[in-house]
Amino acid sequence: MVDHNHYCVCNLYTQPYLQPSLCLSPPPTVKQPPTIVKQSVKDYIVDPRDNIIIECEAKGNPVPTFSWRRNGKFFNIGKDPRVTMRKRSGTLEIGFRSGGRPEDYEGEYQCFANNEFGVALSNKILLRVSKAPLWPKEVLEPVVVTEGSPLVLLCNPPPGLPPPFTFWMNSAMTPIPQDKRVSMGLNGDLYFSNVLAKDAHTDYSCNARFLFTHTIQQKNPFTLKVQTKEPYNDTSYNATDPYGGRRVAESTPTFLSPSGSESSKMVLRDEQLLLECIAAGLPTPTIKWFKKGGDLPGRKVKFENFNKTLKIINVSEEDAGEYVCMANNQLGSIRHSIFVQVKAAPYWLDKPTNLVLAPDENGRLVCRANGNPKPNIQWLINGQPVDSSPPNLSRQVLGDTIIFRSVQMGSSAVYQCNASNQHGYLLANAFVSVLDMPPRMLGPKNQLIKVIENNRTFLDCPFFGSPLPELRWFKNGQGSGLDGGQYRAYINGTLEIKRARAEDEGTYTCVANSILGTAENQVRLEVKERTRIVRAPEHQSAIRGSTARFDCKVKSDPSLSVTVAWTKDDKPLQLGWRKDDESLTIPNVNEGDEGMYTCTVKSEIDQDTASARLTVLGTLTYRSVTRDIAFLNRPDPPMDLDLSDPAARSVRLTWIPGNDHRSPITQFLVQFEEDRWEPGRWQDLSTYPGDLNSVILQLAPFVNYQFRVIAINSVGQSQPSRPSPRYKTSGAAPDAIPRGLRGWGSKNDNMEITWEPLLDLERNGPNLHYNVWWRLKDSGEEWSNVTTVGSKHVIHNTQTYVPYEIKIQARNEFGAGPESNVATGYSGEDKPTDAPTALRVSKVESTTATIHWKPVAPNSVQGEFKEYRLYYWRESSLVPGLVVSKEKKTKGFFSTVAEPSGILSDLVPYSKYKMFMVVANSRFESPPSNTVEFTTKEGVPDAPKFFRINRRGFDTLQLEWDKPLEPNGILVGYLLKYQTVNGTRLGQPQFKNLLPNETEFTLRLPDRSTRYKFFLSARTQEGAGEVFADESPHFTNEVELTDASVASAFTPTPTPLAPLPPTTITPTTIRTSAPTTPATTPSSTTTATTTTPSTTTTTTTEATTTTTPPVLIWNLTVVPNSNYANVSWRHNFPAGSSEFVNSFKLSNEGIVQFIFISRNVLLYLIYVFPASLNERTYIDQVDIATQGWFIGLMCAIALIILILLIVCFIKRSRGGKYPVRDKKDLPLDPVDQKDQDGSFDYHSDEDNKPLQGSQTSLDGNVKESDDSLVDYGEGGDGQFNEDGSFIGQYTVKKDKDETEGNESSEATSPVNAIYSLA
């Protein structure tokens, strides 16, 4: 019995860099069992209006025949006139032109493809016909509901196949508007969290769209009647008060779906999980989701339907658990738990693949699948259970594996593996083919591959053989197999060159070898320069009637022909425009020529593009005129080219220069074209001074020339002249010597002499061939020679690695050229006979070891000595339980001394290593030396695997880490160093020694605003290792802000909600300071929560004080709506110390101040801090009266100010209110008065001080408002008008009588507008 390597066979040959594994396909002429290559899906739903096509395609040799089973029984296709099978295929077509019902053909189908080597099976295909049933007729009574109550309108769509898509519309075929209050559930029902009077309509209609038939079925409409306690007026509705001033009872949240406090859900792996919670309540509840015992999977989770639906895509086992949805409004909250179970239909862990074996070889088929519950594995052979098949001594079934031993010819078959559980099944076919075949090359012979320099390159060498051949790559027939460094050889025969360079050019040979023979193929690789546009077209403007010109100068590899194509607006150019290799000229420009022009340069292997826009101007501009003049300054092309004074290798060319357009011609460029080697390609011949118009051209023999001339001045080149008459030079013997002469051996008994052939213009005549000479170096024997037309000659039966003298000469019909210098070449190398001996180590440190060995005799190398190559690997780590990689590494030592030695570096400390050494020539390695084992010393450890810093509260930091991946010794503990951080200043360092089994540490903060920098390192007996440094995170103080009624617009002091968990939005901390001794005081955190129709965000505003007594801002309350917000807060800053500014910030942008809001706010964050803060620290107060600009302004408008002061004094004396328009441009009063309860409001001691006005709207227009001002008390409300302008003002809280008697006791506090995302 012979035990060889075997291999799997895939159905298609794929690129190795997509699947770097063995993936071979037998040639079509090889006999092989059938393989299913195409089939219909398992659950197959068809349209009843179309013919039914059930696909089944297979390949094999001989061509397979097909049969079908329907519902487990043989399906006789010939007896049913409606069923036909395609030729050379198993695909069924069922037609209904002659009658019949598609429903009669529903059932389970399975295809069988068989030939003399086995039977392959398709999946069981469940065929079902799509159904779109009508909605049942029903009479729907009007739905009557009290305003503010919840409501569910049932949809109950008819059951279709597949299920229909449902949606709600009105009689005008307009979708029912949905929002946080009104939305459709997953079952299609329409849910109202609370009903408004405006919801009363007679046309709520549920629609079902069936995908296959493209039809929509509509349910009879619902009529909704809303009962109100008070009359309803459509004009009284607004977003702030949806009930129009009527009293509607508020209610705590309750769940409309699902019911109860808990429910369960089962979902299959890799499917989509949808969890839904819809709540009733007034105000409309907000839905939030949590997962007990963990976080929601951030990358896979999505919130839909206004946060009522939680969607997790590609569910996996770790997504199982308890999910909690919480509904809350200002009256309370309610929770519902959903227990999610994740099951799994079978999925592949190791899918069986086709197996090709040679006689007497061993192999195995593996079928591993997983699922929940665990799937049952069943093996079949040619469609029959393997247990019921005839016994086979060479086959043994062991659960999910079939083992084959000493297989014989004639035992080919197709095996099926079926993995099934209650949620589904998998079926895989894998044939075992027993073949006896020598190596064969499947790809084209001597393929030429051209690649661009610096690109990743793959050289393919598809091969086949049984038993599996070994394949190796060689370059230019020399050296050892290419694998390693910049080469990577894949087992399927492909060689990867990671970055192709010029020196990688050459001939690559792949050799496949097995016990049955050898096969080889060659691939010629040429590395080319990249094609690129070096002078691209530029955007330009041109006046009507002028001429425009776009440049497109190209640089490419000289050996590649390139084509230049122009397009305008991605369409080919029209006729009439002049194009050459480097430019596009557009004469007589008009409006139709305006557009984007693209120059595309293509070679056979790459391309480059560049674009520029042409703008056509209707009137002259200085810029366009100067550009036009610049173009006209190009010289005209030369004329009347004439040839004279012909000679064997020269001719005189004369021409008449064209008009130079006031810019003298500096050069003439002469170009040539020949019709033998590269017809149609113009090449530069030579340049001449601009004062010449007659020159003698030096030419090559045996070329049929024609010439043209280009004039060049300071502006640019002219158009080429018309070509001259042709001139053919006579032939001559070659002048050039072939380049790149070298001799090398592709085998141990030959030498290949190779050279570069002469260029086309170096041939000098027909019938070019080469004379090659060679002889043993220093032997004194006569030269051997041969004549060949190729670029290679092979000398056979040579000794191993002996030097030869070689030379070459080119020759044609006209004679021989010069001989080359004598070069030295070598015959092929063989495997070194002797191995290095006495390998040992003398000095071992933690990462280095000194090695010694005894060298080999030079003649035993049998080739060019390259190096002593040391193979070493890490056998194990001395750290208990640490698993290491045993990957072999190599290091080369070039030494010719009698007692060589070297240093092996980059070792891992505290590890056991093994090594051996070989001597290497260019192609082979010697047998290995003795194997040496040594142990490195203990070293300092690597950095900890990770280091995380988490806040566990206001004053606690939790530090977590893990052991280093490479401890490099026995850990004795950890060293933690930490110090406070204040900007760039670092505090006094503190140290903490921790035990080796400790992986967490808790640090109590003296102040929650204090930040620390931490340095953690692991320690062994050798000392501390690499340090992992990190800083503690900022204290998070931002929460979500959305658009709901957190506080009523009519409540003087809205009650803030309880703080919500902080989000991951960038935090903002307000810090105040005073000259007094700092003392830390906990600050209060206020959360305002509202909801917009598209997103939910939470915002927390915090003040951290460092003064005694504490100076704080608290009770920040925001009551937003669709286009305005009421903002209020409390503080205890000293009177006159600071003005206040509300600043609003987008979540992804910086702070924006004094920008008024437009409609449809989506998301924003809000902060409050004193206007005197700069970079979150106080700056000294500046008296505005001392500023120069203020004094100048006051002097300029003194008269106007005096009049305004008089008018204000009169109005204040009368106790009247200021009109809004009068107050919009007046400054703030910085003085605050203390209220009776100890809070501060914004009353001014100077009653006659003017008030600051509001900002204009975003479009710059100031919109007048007739609204009266809203009184402002302790935490009172400021408002924005519907166009975004601020109309509110703040008043001092008074008793009722006092307020009515003195309405002028008012002062304003500016509020920034909310910066809208819209």
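The backbone N, Cα and C atoms fix where each Cβ goes, and this holds for glycine too.
TrEMBL lists 1053-1064 with the feature compositional bias 'Pro residues'.
Per TrEMBL, the feature compositional bias 'Low complexity' maps to 1065-1105.
Annotation comment: TrEMBL describes 1222-1249 as compositional bias 'Basic and acidic residues'.
The annotation domain 'Ig-like' is assigned in TrEMBL to 34-122 (among others).
The feature domain 'Ig-like' is assigned by TrEMBL to 136-223 (among others).
The domain 'Ig-like' annotation in TrEMBL covers 253-341 (among others).
According to TrEMBL, the feature domain 'Ig-like' maps to 346-433 (among others).
Residues annotated as domain 'Ig-like' in TrEMBL: 444-526 (among others).
Annotation comment: TrEMBL describes 531-615 (among others) as domain 'Ig-like'. Residue counts for the domain 'Ig-like' (531-615) under DSSP, split into helix (H, G, I), strand (E, B) and coil, are 3 helix, 46 strand, 36 coil.
Residue counts for the domain 'Fibronectin type-III' (637-732) by DSSP state, with H, G and I taken as helix and E and B as strand, are 0 helix, 48 strand, 48 coil. Annotation source TrEMBL lists domain 'Fibronectin type-III' at 637-732 (among others).
According to DSSP, the domain 'Fibronectin type-III' (737-830) comprises 3 helix, 50 strand, 41 coil. Summarising the annotation, TrEMBL assigns domain 'Fibronectin type-III' to 737-830 (among others).
Per-residue confidence over the domain 'Fibronectin type-III' (835-939) averages out at a pLDDT of 90. Positions annotated as domain 'Fibronectin type-III' by TrEMBL: 835-939 (among others).
Annotation source TrEMBL lists domain 'Fibronectin type-III' at 940-1039 (among others).
Residues or ranges marked as region 'Disordered' by TrEMBL: 716-743 (among others).
If you look up TrEMBL, you'll see 1051-1105 (among others) marked as region 'Disordered'.
According to TrEMBL, the feature region 'Disordered' maps to 1222-1318 (among others).
Three or more CB pairs closer than 8 A are found between the domain 'Ig-like' (136-223) and the domain 'Ig-like' (34-122), so contact between the two stretches is assigned (pairs 6 or more residues apart). When Cβ-Cβ distances under 8 Å to the domain 'Ig-like' (346-433) are tallied for each of 34-122, 444-526, 531-615, the top count falls to 34-122.
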